[in-house]
Amino acid sequence: MRRTFFKSKIHRATVTHADLDYEGSVSIDEDLLDASGILEYEAVHVWNITRGTRLQTYAIKGERGSGVICINGAAAHLNKPGDLVILATFAELDEAEARGFKPTVVLVDRKNKIVESDAVEIAGPARRVSA
């Protein structure tokens, strides 16, 4: 049996652009894609911390080193520049794969520069705040 597991996330990224007229997707700085292991065209969940909205789209490469997080298409109605978001992916794993699997968590600052790229999830009331 295969199960769905959390694979990777970019935590508390800042939306830099929202382009209503683009076809869709989320443009993500290529440095962040590399650090998180998110591939171009991979399904990505966008959880907006600022507005409480959630949606699913797909990733496309943004300019390397730019810090870009651009929400494209109709999703631009739900995400605006300056909003904080979590970008997350999931993977289907069988039990043997899942036993040793650890997700990738990338922490970024307010300019979407990598602060930590092998972060450990903090459970419960402990709180992590980006610089």
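From the backbone N, Cα and C atoms, a Cβ is placed for every residue, glycine too.
Binding of substrate is attributed by Swiss-Prot to G73, A74, A75, and within the candidate set T57, T89 the record adds T57 to that site.
Distances between the Cα of Y58 (active site, proton donor) and those of the recorded positions S25, G73, A74, A75 are shortest for S25.
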